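Asker: Pasting the relevant annotations from Swiss-Prot:
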DOMAIN    74-325  domain 'Protein kinase'
BINDING   Ile80, Gly81, Ser82, Gly83, Asn84, Phe85, Ser86, Gln87, Val88, Lys103  ATP binding site
ACT_SITE  Asp196  active site, proton acceptor
MOD_RES   Thr229  phosphothreonine
Amino acid sequence: MTAVFVNGGGLVNTHCDRWERRDSVESSCQTEGGKDSEEDQQRQLTPFEKLTQDMCQDEKVVREITLGKRIGFYRIRGEIGSGNFSQVKLGIHSLTKEKVAIKILDKTKLDQKTQRLLSREISSMEKLHHPNIVRLYEVVETLSKLHLVMEYAGGGELFGKISTEGKLSEPESKLIFSQILSAVKHMHENQIIHRDLKAENVFYTSRTCVKVGDFGFSTVSKKGEMLNTFCGSPPYAAPELFRDQHYVGVYVDIWALGVLLYFMVTGTMPFRAETVAKLKKSILEGTYTIPQHVSEPCHRLIRGVLQPTPTERYGINYIMSNEWMRGVPYPTPLEPFQLDPKHLSETSTLKEEENEVKSTLEHLGITDEHIRNNQGRDARSSITGVYRIILHRVQRRKALESVPIMILPEPKERDLKKGSRIYRGIRHTSKFCSIL
């Protein structure tokens with residue numbers, strides 16, 4: 001497939017007031033659904049037309065919109081998480097019944113710097129095509145709020161799993177770490193630095209499959225380019241973030257991977273302190289110990305990644321071919337796919353999965369005319385949202401997103417490391433980006 005990156009792969013306009021605002025019903029309920037006519041009323045409405053009509057006329061649906069229980073084509077359920085400047089709620093897409101995660105931001109609290117971070121988050125997610133990276137489906141804007149509609153990972157955070165069940169076994173750690181490594185490699189190959197890699201930002205979709213999410217601190221950085229803002233969670237921060245005025249983004253992500261691996265195999269953090277000042281001192285001194293139960297190959301890998309000097313750290317390719325990871329399969333990036341459905345109406349030569357997506361859209365009542373009228377709206381369109389959800393569903397069904405198979409012990413049989421209990425109820429909060 002040919003990649004068509006929304007906004008040319010660059011940053012979205014950072015001024016919220018210049019983003020195209022829309023009502024939940026897409027321009028007074030008529031832009032996408034069309035005006036009612038006698039002919040329309042005589043035939044059975046398509047699911048798309050019925051939903052669009054209900055959003056204008058059905059008392060229950062209108063009340064849900066008024067009470068904030070519905071936004072666009074999504075019914076909003078309970079809260080499933082919170083971020084630095086947002087809350088995350090579970091949503092149900094009314095046409096496809098797909099569960100989604102909706103990140104909600106209050107526009108009145110978005111200063112210029114936060115708007116830039118949000119723009120980068122959207123841009124980063126749309127440039128990446130990997131089975132272990134959370135997908136962005138749609139951006140919905142109202143007068144007071146912004147909603148990022150994303151893939152839902154219902155298995156919870158890696159942090160929560162380890163905090164409640166204890167450390168992972170080394171075979172399980174290898175399986176999970178291989179997926180994270182592959183995702184981060186894909187980011188770096190696309191010049192994207194995550195800057196907030198941690199167990200709280202790794203999400204389970206099944207017992208053996210994880211996805212990296214929360215690109216709120218991500219940025220585009222060319223090879224060797226120096227950055228000068230502190231982003232992320234202090235326990236995962238590389239020493240150069242405390243020591244130097246500039247840093248190379250790739251090395252900072254690599255360090256965070258080392259901290260993450262340590263946490264996975266031990267159930268504790270390598271650097272622990274009661275205050276940020278003491279934590280900084282510990283990281284700069286490089287003082288940490290690895291428990292004896294950790295195998296020697298894993299021990300050497302952790303030591304090789306957590307090197308104080310950035311250029312002496314193991315690179316991601318070396319980590320992936322390291323003796324501890326030997327024999328572990330790595331997921332591969334997906335072929336770049338179209339982020340906008342316009343190609344479905346422009347050519348008769350479509351691939352099998354594209355034909356299936358188009359057929360499903362037509363079954364829902366989304367026609368070539370709707371798709372043509374949708375051009376230029378990118379992620380800020382319910383048509384695009386439906387398309388991306390269906391495309392992702394087709395790719396999952398065709399095993400383009402395969403789930404690793406591994407026999408794991410039940411949680412009650414696992415070694416519940418006592419040290420992990422200190423993390424129960426505690427989250428590592430990411431700090432706002434600030435100039436070093």
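The backbone N, Cα and C atoms fix where each Cβ goes, glycine too.
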Asker: Cβ distance under 8 Å to Val88 (ATP binding site), same chain, sequence separation 6 or more: which residues?
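Answerer: Listed in sequence order: Glu79, Ile80, Gly81, Ser82, Ala101, Ile102, Lys103, Ile104.
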Asker: In whole Å, note down how far the CA of Thr229 (phosphothreonine) lies from the CA of Ser86 (ATP binding site).
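Answerer: If we compare the Cα positions of Ser86 (ATP binding site) and Thr229 (phosphothreonine), the gap is 21 Å.
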Asker: What is the interatomic distance between the Cα atoms of Thr229 (phosphothreonine) and Asp196 (active site, proton acceptor), given in whole Å?
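Answerer: About 12 Å separates the two Cα atoms.
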Asker: So among the recorded positions Ser82, Thr229, who's got the most Cβ atoms within 10 Å?
Answerer: Thr229
Asker: How many neighbouring Cβ atoms, not counting its own, are there within 10 Å of the Cβ of Asp196 (active site, proton acceptor)?
Answerer: 26
